[in-house]
Every structure is written in C-alpha cells, then in structure tokens.
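The structure under discussion appears below in the form of structure tokens.
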Amino acid sequence: MLALASCVDAAVASPPGYAVAWDGTVPTLESSSASGVSLSTNTTITTAWSPAHSSMLYRVDGWGAPYFTVNSSGNISVRPYGAETLAHQEIDLLKVVKKASDPNASGGLGLQFPLIVRFSDVLKNRLETLQSAFDFAIQSENYEAHYQGVYPVKCNQDRFVVEDIVKFGSGFRFGLEAGSKPELLLAMSCLCKGSSEALLVCNGFKDAEYISLVLVARKLHLNTVIVLEQEEELDIVINVSRKLRVRPVIGLRAKLRTKHSGHFGSTSGEKGKFGLTTTQILRVMKKLEQHGMLDCLQLLHFHIGSQIPSTALLSDGVREASQIYCELIRLGACMKVIDIGGGLGIDYDGSKSQDSEISVGYSIEDYAYAVVLAVKSVCDRNGVKHPVICSESGRAIVSHHSVLVFEAVSVSSNESAEIPSFGLQYLLEQLTDDALADYRNLSAAAIRREYDTCLVYAEQLKQRCVQQFKEGSLGMEHLAAVDGLCELMSKAIGISDNVRTYNVNLSVFTSIPDFWGIGQLFPIIPIHRLDERPGTRGILSDLTCDSDGKIDKFIGGESSLPLHELEGNGSVNGHGGKYYLGMFLGGAYEEALGGVHNLFGGPSIVRVMQSDGPCSFAVTRAVPGPTCGDVLRVMQHEPALMFETLKHRAEEFSDIEDANGGMSLASGLARSFNSMPYLVSSASCSLIAANGNNAHLYCNEDTFASAADSVAAEDEKWSFCAA
C-alpha cells in the first residue's frame, strides 16, 4: 500500500490557484499606492524591512492621517496637532503605554490592560479643524451668518471628554446636544463653564420632566432649544412653558425624502425613527400660531444619516432642508438656525471611498463647503436671510483622540502536522472498507497531481474516521493520525490554513461592541515592532466564554491580520516580551455601548497632553479600570458581604496547624475583589491592590508645566485622590 510520504512527495509542487494568501512579502515602495497596499499581495521586496513597509501594509497613512504615523523606531507616533505637528512634538505611543502600565516602583502608574489612551490635543485639533473649515467656506462664499456646532454627548459621555470640548470650543460658541434626561443634566452643568452663546440642542423623546429641565435651563441663562421629534411633544411644551412662565425656543426635526443606503442611513428618509412629516410640520405651525407662539419656532433640524458617503448626497439633503427652512419663514416662523445634524464621516480604512460604509470620499473642508454652498444657494433663491449653521458632528470630533491598547497574551501553536509514532500502517488496519477505499483514491489522486480530487477524498476519509470514532471502533490516536494525514496533504498542495489565533487581554463585547453588534471595522495594528517583518497572520480571540468573542474581519476586506511572533509565548503565562495591539478611531460610541458580558468591565484610562519635556508628553489623568467588585455591584451583588462569607469559610477550613492560613486566604480574596477582571502577569499581582478601589491618579492641569518637565524622571511624584 502506498505510504504517506509518497503521497506528500507527489504533491510537493503547489498547483495554480492554491497559493497562500500572504507569504510575508510586500510590494516595493514604488509600486504601492498612497492609500496603502493589499495585505494579500505577494510581490517580493529585496530590501530590508522598514517602518515604511509596515505603514503601507497596515494602511496607516490612509486611515491615520494626519494624527498617526510609524516612526523610525518602529512604533506608532501620535501627531497631536495634526499636519502642523513638529517632529519634536510627536508622541511615541509605546512610551505612553509603558508609563501607564509599568509598576510604580519603576516609575510607572501601575495601570492594568486593556487601556484607553486619550490625546486631548487631538480632540482640540479636531474641533479647531471643523470650525476652521466652516469659517473658510463662509468667507469664501460671502455667507452672511456664522457656524456654531454642538457636540452630541451620546458619542462619548465621559466627563473629561465633554468638559474638554466645552473648554476648547468656548472661543467659537461650541455647544452640546443631549438626547436624554441624564445627558441634559450633564450638558447643563458643563455649559455653565462654556460660552453664553453656545447652543444646547435637546433631542430625543420627551416627557414633561425632560421639557421642564430644558425650560429651567433657560432660567439659568443657558441657550436651550427644544427640538420636536414627535408631534405630540408640542402640547407638553405649551403646557409646561405656561406653568413655568418661560418662553421656550423651539426647533423641529423634519423627515427628509433624501436618505442614503446602508446601515447608517436607516434613521433617515420618510420612514425614519424621528422627525415630522410635511403634514405634521404644517399642523405644528398652525397650533403655534393659535397659541401666539409662532415666534418661538427658530430652528430646523434634520439628519441624513451617519457616515454620509459623498458630498453629492450631502448637498442634496441640505438643499431639501434649506427649502423647508425657507417655507417655514414664508409661513411666519422666526427662523434663525438650520441644524444639519450628524453625518460627517471618517475614513476607517483609508480607502477614501464613496461606496463603503466605513469610508467617505471627502475631507472636512469638502463637507463644510458643500453645506455652506447648498444653504446659501437655496436661501438666495428664496430671498431669505442666511441662517446660522449648526452641526452635530460627534463621530468626527471624538473618534481620533482615543486609542484602545491591549496585549496579545498567547497564540495558538503552529507546529507541523505529524503522524503518531505507532505509524500509518496501524491506522490503516483499523479502517473500514469504505475508508480504505478513500485512502487509496487519495493516494492515486496525489500521484496524478489531481489536487481538487485529493481534497474531496481527504475530507471523505476524515468524516468516515470521525464516524468510526463516535461508534467506538477507532481510538483517539487513530483520529489524530487521520487529522495529521489530512493536514500534511493540505500543506503539501499549498492550501493549509496558516492563520493563527492570538488570544488578547480584552472583551470584544465591552471594548469593541460595534464590531460584534453591527460589524463595524476599526483599524487594528501592532503599536510597536513595526520595523520587523510580520511572520504570520492571525485573528484575535478575546477572554470571554463566547464564540462571538473574536475579531476575524479587518479593514481592507481581510479575514486575518499580519502579526509578529510572540516572544517567549507571551507576557502572562509565558516569560517573553509584551506584544501590544492598538484599535484606532474608536473614540465614539464604544465606551458607552460596552456591556459587562462575563463580568469584564471597562478599560483603564490615561489622559495625555503634549509637552516640551524629554518624552514629549505628560499624563494629566489616570483612572484604573473597574474592579471585580465594581462589576459585581452592577449586577446587584454585594462584594463586602460576599467577602465576609468567603472569609468565614476560609477561617473554618484553613489548616489547623497553620494559624495564619485563614488570614492569608482572606487577604488574597480581598485583593481579588479589588483587582480588574482581566489577566495579569504573576509579577504584577502584588501591585493591583496598591491603588485601592475606585481611585484616581491625576496631575492638576494648573501644575501641568512642572509635571511635563518631570514625566521621565525616576522620582516623579503623582498626586493621589480617592474617588
């Protein structure tokens, strides 16, 4: 009978069409497009691997511009001021991560992974870029009003993010948008420190309490606008405003006919969730006139949909809304503001494509110009005074400023398949006649180099052996031998699956919920070792006990990611170096949408500002992630009572000869309640309890300059405040 070696030897020459998707080679610099290269390309490069090759491979210059780049050390660098960033102002992301995660004894902050790094300078630059784009378009077109945006806090309600936006935007009247009562309360509080002219746009479903809060805010001299999403909300507004004796400023949301296709366009058009139809708008106008409140209607709001793919679609929608705006003025409303809603998209994959849900075919400048031109042309045609232009561009403002960093802690084995020591002949003696026939046919097809036929018979042989195993006529060793045989055959003809699984210290459901929920793709790449050639491809598997807890789709249409080999089998169970991955452009929605599946809580957070110190950055705030006790409380458990129960149990069953046994167990249990749910290396375990529960490390911004100068010093002092 034909031996296995003969089968494999006969199939050594790989046939056309069975080449591995990526063999570790990349195209030459000259042949690559500016937007990046396909990860499946196999053009050979003869020069040594460089950071520039990694930049092309991972499309960094596409999705990352102008804030992220690969530096000469092979690490991701952050450019806090975008294109205006000078070389000495770039921030090495790896240095920030080490500062945040290194033990206190080594000069670090001792934070656990996963870790969110916020770059407040990037956030400020996004606001300024948006404002500058509209200012330039307004000046270029001689538009006779101004732009003042609002930030929809639903995108990221983090206190310090919202406070930063209010502070950075106060010089150009930037405001906030709220869609619920808690969001309204935080917006009211934050805007007390903002511009007196800033808008507070109040969207979402409303009851009497919500509307009362909005009117109370007007008593506090906040510039609130009640946007009618449903027709029946008007009756509540009229009644509550009379009781509180407050003259409201009212807006209404119109359902446009214009909409775009895809997931993000589902909230627009005539069938959209929110807004008033033309008939409903006319009824609202009539009721306002009957109650002597037509002058209260001052704002028109609409929303085409998130991630508007092209300026052509944008212009079409804005022109339709502008015509409605002009009609409202004709009917007697004292209109002042047109709120174009959200929709300013970002380029998640660097393709600059109008045909993708994760990309857009325009810049911020293109977007602003299209809006200004569309509003101006319609108003001029109708002889209407140009309105103030407002937008709710949340995703475009906060996405870039936040980077999620996590560790790869282990990787699946990539050992070559082999036949057990007892030999192939022993296996063949145990096979049924049908299975033996499959083996003979497989051998014959291999000799004839009929590779498709090889695959058919290999699969049939495998399935017959699995059935024999289920019936008890084959042992586990036999099943392993068949698996080895089929794997060797696959490798010999070049179709073996070489994609490996990298286990990452992360919960997809908590930190990247949009990937699991709607298939949203984000750029995910190593943040270091980018001066080395990736040696394999992999998918990412999280810590949860859920088969959906994996990332197996990546930008560029890829089902795996080029990755480096882990050094020493990872950093948790092994003794090797750490391997850090970063998810970029995730500053919007992910933190608010994340749950506690498997009771994995949110990440640690560190806030960074650019400085002129030796490392070009200073940490201005560091917040440890939720502990095991914190996430248990979310599900109505009482960690203190749980600890007492376990403590008594430890004392009851501790070794009588070891008087301190119960105390040691109790001490270990206490540390477990006060540690994060994620994996830690054995060297870090003793450090977890040092910062206590719900504690904040921070550097007061009033002393920012001195902190910046000392960020790299070994004797650096950090203030500590228990929350």
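Note: Cβ is positioned from N, Cα and C throughout, glycine not excepted.
Nobody curates TrEMBL annotations by hand; they come from automatic prediction.
Residues annotated as domain 'Orn/DAP/Arg decarboxylase 2 N-terminal' in TrEMBL: 146-399.
Its Cβ taken as reference, Lys154 (N6-(pyridoxal phosphate)lysine) is surrounded by 20 other Cβ atoms within 10 Å in the chains shown. As annotated by TrEMBL, N6-(pyridoxal phosphate)lysine applies to Lys154.
Take the CB of Cys545 (active site, proton donor) and look out to 10 A: across all protein chains shown you find 8 other CB atoms. Annotation source TrEMBL lists active site, proton donor at Cys545.
A gap of 29 Å separates the Cα atoms of Cys545 (active site, proton donor) and Lys154 (N6-(pyridoxal phosphate)lysine).
The average per-residue pLDDT of the prediction over the domain 'Orn/DAP/Arg decarboxylase 2 N-terminal' (146-399) is 94, rounded to a whole number.
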